[in-house]
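Have a look at the structure below, then the notes.
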Amino acid sequence: MASDTPESLMALCTDFCLRNLDGTLGYLLDKETLRLHPDIFLPSEICDRLVNEYVELVNAACNFEPHESFFSLFSDPRSTRLTRIHLREDLVQDQDLEAIRKQDLVELYLTNCEKLSAKSLQTLRSFSHTLVSLSLFGCTNIFYEEENPGGCEDEYLVNPTCQVLVKDFTFEGFSRLRFLNLGRMIDWVPVESLLRPLNSLAALDLSGIQTSDAAFLTQWKDSLVSLVLYNMDLSDDHIRVIVQLHKLRHLDISRDRLSSYYKFKLTREVLSLFVQKLGNLMSLDISGHMILENCSISKMEEEAGQTSIEPSKSSIIPFRALKRPLQFLGLFENSLCRLTHIPAYKVSGDKNEEQVLNAIEAYTEHRPEITSRAINLLFDIARIERCNQLLRALKLVITALKCHKYDRNIQVTGSAALFYLTNSEYRSEQSVKLRRQVIQVVLNGMESYQEVTVQRNCCLTLCNFGIPEELEFQYRRVNELLLSILNPTRQDESIQRIAVHLCNALVCQVDNDHKEAVGKMGFVVTMLKLIQKKLLDKICDQVMEFSWSALWNITDETPDNCEMFLNFNGMKLFLDCLKEFPEKQELHRNMLGLLGNVAEVKELRPQLMTSQFISVFSNLLESKADGIEVSYNACGVLSHIMFDGPEAWGVCEPQREEVEERMWAAIQSWDINSRRNINYRSFEPILRLLPQGISPVSQHWATWALYNLVSVYPDKYCPLLIKEGGMPLLRDIIKMATARQETKEMARKVIEHCSNFKEENMDTSR
């Protein structure tokens with residue numbers, strides 16, 4: 001099972017400081033600009049962590065607000081020292097790098113920072129004397145500067161500008177630079193001249209860059225240990241250059257087989273060259289390549305027995321010449337991954353769960369197009385088979401969703417995989433901490449990607465969690481998201497149905513403060529709009545029934561929500577639904593349950609005192625819908641109205657006495673052993689009807705309700721009745737002159753039931 005170990009003190013302090021910057025590390029100058037407190041000095045370990053966690057929070061936590069001048073906290077290396085920072089996405093702009101230009105950075109990773117322009121190239125020079133590792137992956141605009149010549153016009157722009165490619169920048173002066181990633185740069189950046197000043201490169205990533213002449217790579221043949229040429233259109237000339245790089249330990253010439261057509265085919269001869277010439281090779285990625293058949297032995301020829309990673313037994317013929325198994329071999333979407341004997345400790349591929357997880361792990365950061373397809377394979381494994389490495393799978397999917405929250409394919413496949421990876425079959429293997437991470441990443445997806453499939457998958461995944469208890473730590477956020485999804489203009493019925501179900505569950509077992517807060521978010525109004533839309537369409541489906549059920553739950557002992565229901569035309573919708581759907585029993589039960597909550601609020605009862613409403617409630621006393629539920633709830637509504645006394649009876653028809661008689665008749669017709677579709681959290685609204693003589697029928701209804709519940713569900717309701725002080729009130733009824741004899745008899749039976757229960761469950765242990 002996953003560990004539930006608490007967060008480290010460092011992690012908690014870092015998070016707190018970042019969420020309270022102007023109250024901890026800094027202060028606001030001119031109400032806008034952050035400045036570090038003058039008495040603070042932070043070492044590089046803390047500064048690096050603050051920056052990297054800040055980036056993580058901005059990109060992964062939608063409830064975290066970035067601060068425009070955050071990086072100004074680190075402008076002075078005498079008080080704050082940065083050495084290794086990883087920045088990503090649109091969070092980072094030119095002025096942010098400019099703010100930290102005095103720092104002696106050793107490692108700077110900029111990933112998909114598309115807002116960086118050529119201004120940042122000049123800032124990079126500030127780090128040239130210390131920088132060892134640099135990544136500009138996906139920073140597609142960093143080699144552009146903006147100009148606004150008179151001849152450049154664009155009627156759609158307020159300030160027309162032209163982007164001009166900077167061609168004179170080189171890495172001159174970056175004498176310590178060893179690791180460089182230029183992946184996903186634009187094609188016409190002059191790579192050769194750009195890199196020429198670097199004398200001792202050890203690692204180079206040119207993913208997605210097309211160059212017909214790779215001869216310039218040989219200048220690092222004695223130093224280059226890692227070369228990534230993902231999605232480069234290779235030729236035999238490229239291969240001739242690569243095999244001269246005899247120090248290589250990691251070579252990646254993989255490609256995305258769906259992105260475009262590549263003429264180059266991997267042959268047995270090419271693989272043999274790699275093995276012969278690159279004697280230090282430990283990692284090779286040839287994913288996505290078309291492999292000619294002569295590279296492997298046939299299934300018939302493969303040695304029987306246990307799978308082996310020994311090169312001598314390799315099913316891939318050229319790899320039999322390896323001196324030792326590879327640490328990693330990338331074979332995703334490559335037919336070789338399905339062979340039996342592969343000489344590598346770790347293989348990415350699509351043959352089985354292990355290979356698929358290796359693929360997700362290897363490609364998540366920089367190759368979302370590959371990762372989404374790997375996650376789709378994991379989805380099939382979790383759906384059809386059983387996931388044997390659940391915790392690893394969950395963590396990898398969470399990481400991918402965090403890393404690519406605006407990538408549709410990742411969000412669709414990732415949210416679908418999470419649905420299967422969090423179902424009840426795997427529940428015992430997951431810690432509270434891990435399940436909370438899933439919830440947060442699901443909510444991030446719902447918040448940042450307004451797409452039907454993603455929203456549906458996320459809602460379905462939330463259904464796998466205990467509601468409301470597992471969602472309580474994000475309670476407000478969940479409700480806000482669900483209410484936004486339930487905008488009636490949306491046409492997707494399946495999402496509406498799931499979202500209403502979730503809303504209903506979220507307000508079913510929470511305290512009144514939560515219900516009031518959700519009511520103020522627009523919960524009541526949203527449900528009423530859904531009901532109104534269904535009425536117009538003359539449809540009574542699960543959305544309609546769940547909406548009334550949700551209103552029943554959210555109005556329970558919550559007067560403000562009850563008032564909101566009345567103010568927003570709730571009673572008209574009740575009457576219209578009753579008329580339009582006379583045979584829908586569950587609908588009637590939910591509506592009457594809700595009106596029972598409204599009737600419990602003394603200040604609102606006058607609004608129910610109309611001839612039309614009283615007649616409807618009286619007629620429903622004779623309803624046999626859903627057992628006794630509709631009749632019982634109608635009688636409950638009338639019992640609270642009767643409790644206000646004859647002087648509050650403001651209608652001529654029907655007469656109070658006539659309604660009383662119908663209530664007595666209804667109560668006498670009910671089976672005391674009826675099993676109930678109801679859940680009382682408190683008896684307080686019922687108990688307040690006991691100590692009074694103004695309405696004996698209300699007193700009788702309340703006593704009958706208690707008798708039924710303690711008889712059928714003694715374990716639940718006997719303790720509740722005793723706890724809430726019901727026993728003395730029942731004893732008082734027996735002494736009351738105004739109480740009916742049958743009411744007194746019923747009160748005795750309730751007391752007897754609870755007394756027997758108390759004796760049977762008395763703890764006699766010493």
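Just so it is clear, glycine is given a Cβ too, placed from its N, Cα and C backbone atoms.
The N-acetylalanine feature in Swiss-Prot is assigned to Ala2.
Taken from Swiss-Prot, the feature repeat 'LRR 1' covers 226-245. Note on the repeat 'LRR 1' (226-245): DSSP counts are 7 helix, 3 strand, 10 coil.
Across the residues of the repeat 'LRR 2' (246-268), the predicted structure has a mean pLDDT of 90. Sequence annotations record features per position, and here Swiss-Prot assigns repeat 'LRR 2' to 246-268.
Annotated repeat 'LRR 3' per Swiss-Prot: 278-302, in sequence order.
Beyond the ends of the repeat 'ARM 1' (427-467), by six or more residues, the same chain brings 1-5, 60-62, 390-391, 394-395, 398, 401-402, 405-406, 408, 411-412, 414-416, 418-419, 473-474, 477-478, 481-482, 485, 492, 494-495, 498-499, 501-502, 505-506, 508 to within a C-beta distance below 8 angstroms of the stretch. Summarising the annotation, Swiss-Prot assigns repeat 'ARM 1' to 427-467.
Per Swiss-Prot, the feature repeat 'ARM 2' maps to 511-556. In terms of DSSP helix, strand and coil, the repeat 'ARM 2' (511-556) has 36 helix, 0 strand, 10 coil.
The repeat 'ARM 3' feature in Swiss-Prot is assigned to 558-600. Taken through DSSP, the repeat 'ARM 3' (558-600) splits into 35 helix, 0 strand, 8 coil.
Taken from Swiss-Prot, the feature repeat 'ARM 4' applies to 602-643.
Annotation comment: Swiss-Prot describes 714-756 as repeat 'ARM 5'.
Only residues 6 or more beyond the boundaries of the repeat 'LRR 3' (278-302), in the same chain, are considered here, and those with a CB under 8 A from a CB of the stretch are 225, 230, 242-243, 245-257, 264-268, 271, 315-318, 323, 326-336, 339-341, 348, 359, 362, 370. Residue counts for the repeat 'ARM 5' (714-756) under DSSP, split into helix (H, G, I), strand (E, B) and coil, are 36 helix, 0 strand, 7 coil. For the repeat 'ARM 5' (714-756), the residues of the chain that approach it from at least six positions outside its boundaries are 680, 682-684, 687, 690-691, 693, 696, 699-700, 703-704, 706-707, judged by C-beta separation under 8 angstroms. Among residues of the same chain six or more beyond the repeat 'LRR 1' (226-245), those with a C-beta under 8 A of the stretch's C-beta atoms are 179, 181, 183, 202-215, 217-218, 220, 251-256, 259, 262-264, 270, 273-274, 277-278, 285, 366-367.
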